[in-house]
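Listed features, source TrEMBL:
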REGION    17-57  region 'Disordered'
COMPBIAS  23-38  compositional bias 'Basic and acidic residues'
COMPBIAS  43-52  compositional bias 'Low complexity'
DOMAIN    54-140  domain 'TFIIE beta'
COMPBIAS  235-245  compositional bias 'Basic and acidic residues'
REGION    235-274  region 'Disordered'
COMPBIAS  249-264  compositional bias 'Basic residues'
COMPBIAS  265-274  compositional bias 'Basic and acidic residues'
Amino acid sequence: MDPALLREREAFRKKALATPSVEFKKKKDDSPFKDDSKKKSKSSSSASSAPKLDANNYKTMAGSSSYRFGVLARIVRHMRARHQDGDDHPLSLDEILDETNQLDVGNKIKQWLQSEALQNNPKIECTQDKYIFKPVYKIKDKKSLLRLLKQQDLKGLGGIFLEDVQESLPHCERALKNLAQEILYITRPTDKKKILFYNDKTANFDVDEEFVKLWRATAVDAMDDAKIEEYLEKQGIKSMQDHGPRKPIAPKRKKVSQKRRQFKKPRDNEHLADVLETYDDNTLTQKGVSIK
């Protein structure tokens, strides 16, 4: 290597070591105010970028389906209340919205109510662009209610729910109070709903008090059918054996015979069974006798 270059390098190194140098380190900033300011700036920017709510279009934005069904539910409740109060004349859509204080709904919701929602609702009946409540039973007074209960009893259809009567009959409480002697109330144990039956007084008969006492003294709530049948057999009573639900018996399948099918011989010309025909020399043979 060139000695002149080595001397220059050594001189540069000595000069660099002789000159002092100061290194500045960055200080860590532990103050929480900077982060808060950054967060605030970010939140303010995101808030500014979000769309602003407008009083004119807030009903047509996201979530409008829930608003539409809320309008429909309010209409159905109002129509039911009108029917229960005795108002049975039909109303147009504008009259319904006016009575339910919903005149501020948009045109899209009006179109949806008129063309789809009210047309297909099972509780609303449409007649000539006017709407009326459709009850479960078409009863208007206590006479029609009593007639309905009699028909249910005669046809063996059972009772009707009290809530359906309250929904269908205007001024229901007054009619039920007047028909208290003609109606029987039964509470269903599964859901505690009350069911109305016609009180057929022709089926009433007097029961001896001794039988009533025996009936009330015998408790069979904790006994199943097998235990009851066993108790009756011990007492010598066999009249209950043929009662109660029976288990269906599966029909027996016929066994398929594995014998081979025998093809029947044709029965034509059975009277000529002993006759053998030969066509070569035009002769008939029968028991050794040949006839030309």
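From the backbone N, Cα and C atoms, a Cβ is placed for every residue, glycine too.
For the domain 'TFIIE beta' (54-140), the model's pLDDT averages out at 84.
Counting residue by residue with DSSP, the domain 'TFIIE beta' (54-140) contains 42 helix, 9 strand, 36 coil.
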